[in-house]
Amino acid sequence: MRSKITVVGAGFVGSTLVQRIAERDYADVVMFDIVPNMPQGKALDMLQAGPVLGYDTLITGTNDYADTADSDIVVITSGFPRKPGMSRDDLLKKNQEIVSQVTEQIVKYSPNSILIIVTNPLDAMAQVALKVSGFPRERVIGMAGVLDTARFRTFIAQELGASVRDVQAYVLGGHGDTMVPLSRLCTVAGVPIAELLPAERIEQIVQRTRDGGAEIVKLLGNGSAYFAPSASVLQMLDSIVLDKKMIMPCAIYLQGEYGLNNLFVGVPAKLGAKGLEQVIEVELQENEQVQLKKSADAVKELIDVLGIA
Ligand code: APR
């Protein structure tokens with residue numbers, strides 16, 4: 001039987017993701033939104049692309065959580081972007097409300113599902129979903145690291161005129177200004193990046209990666225990135241649906257790994273049919289450990305505002 005995947009939020013990230021899943025042809029998809037008729041309309045449009053693109057994916061748009069019942073995986077993208085005049089904390093609380101409501105309904109209808117959280121601020125929202133669901137940490141995973149790493153790889157490949165496929169990299173830490181691109185472990189076809197680029201150029205690329213989301217927000221003028229974010233969720237889904245055991249950076253609720261506790265932070269994780277199957281502990285140098293701790297502290301500040309520690 002095909003897997004069943006629900007995507008909550010049929011906005012830019014959610015609907016682009018559903019189209020990408022449809023093209024994989026390995027799961028049926030339910031797309032939920034609170035806006036009446038909109039997910040139904042988008043679902044119908046995507047279904048009608050099936051004969052042209054050759055997929056048999058069943059795509060259902062809905063405003064009723066009953067249609068999401070017995071999903072194997074649920075991706076939560078619902079949330080508000082920051083509006084003018086809204087403080088970071090206002091946004092945090094507004095999205096906490098949305099992610100809490102959504103998680104309650106999802107748990108009711110799909111108690112055995114694996115949750116992938118995409119709503120920002122990512123690490124804090126993953127923690128909201130973990131607390132509200134009561135699920136084990138293996139089944140609540142945040143998407144951030146794959147995207148941040150993809151941005152880093154893009155810039156490195158551009159700089160060197162290399163194929164993105166040859167660039168391997170890791171970005172750890174929270175999904176924000178304090179993320180930690182591990183340039184020491186970045187390689188191009190196996191060659192360490194430090195042998196290919198001067199240190200100050202690498203540092204500029206690291207900074208552009210940190211600002212990667214903001215650069216796009218500024219260009220778009222109204223909204224945030226969605227092509228690379230949805231592609232990044234798809235990579236996580238591939239590993240879970242097909243039980244591929246791929247290792248990729250994800251926001252994981254740490255319990256002692258990397259010296260961090262009871263907090264979602266981006267670390268390399270093995271994903272398979274059970275969700276999180278292993279946290280990979282890379283040995284960090286002292287300065288990297290300090291940066292990771294700083295990043296974790298920034299996540300902790302948000303958690304304290306939400307009062308969900
Ligand atoms: N339940 C379900 N859907 C909701 C709810 C809710 N309680 N509240 C809002 N939504 C829906 C909106 O109706 C909208 O269709 O969530 C969707 C969000 O879509 P967009 O506004 O297009 O936002 P998008 O660009 O997709 O980003 C979604 O992902 O990357 C993050 O920072 C981004 O937090 C944001 C999220």
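Including glycine, each Cβ sits where the backbone N, Cα and C put it.
Over in TrEMBL, the protein carries these features:
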DOMAIN    4-142  domain 'Lactate/malate dehydrogenase N-terminal'
BINDING   GLY9, ALA10, GLY11, PHE12, VAL13, GLY14, ASP33, ASN95, VAL118, THR119, ASN120  NAD(+) binding site
BINDING   ARG82, ARG88, ASN120, ARG151  substrate binding site
DOMAIN    147-304  domain 'Lactate/malate dehydrogenase C-terminal'
ACT_SITE  HIS175  active site, proton acceptor
Taking helix as H, G and I and strand as E and B in DSSP, count the residues of the domain 'Lactate/malate dehydrogenase N-terminal' (4-142) in helix, strand and coil. 68 helix, 26 strand, 45 coil
For the binding-site residues listed here (GLY9, GLY11), which one has the lowest count of neighbouring CB atoms within 10 Å of its own CB? GLY11
Between ARG88 (substrate binding site) and ASP33 (NAD(+) binding site), what C-alpha distance do you get in Å? 24
Please check the recorded positions ARG82, ARG88, ARG151, HIS175 against ligand 1 and give me the ones with CB under 6 A, sequence order. none
Suppose we draw a 10 Å sphere around the Cβ of ARG88 (substrate binding site). How many other Cβ atoms does it contain, all chains included? 11
Average pLDDT across the domain 'Lactate/malate dehydrogenase C-terminal' (147-304)? 95
ARG151 (substrate binding site): tally of other CB atoms within 10 A of its CB: 26
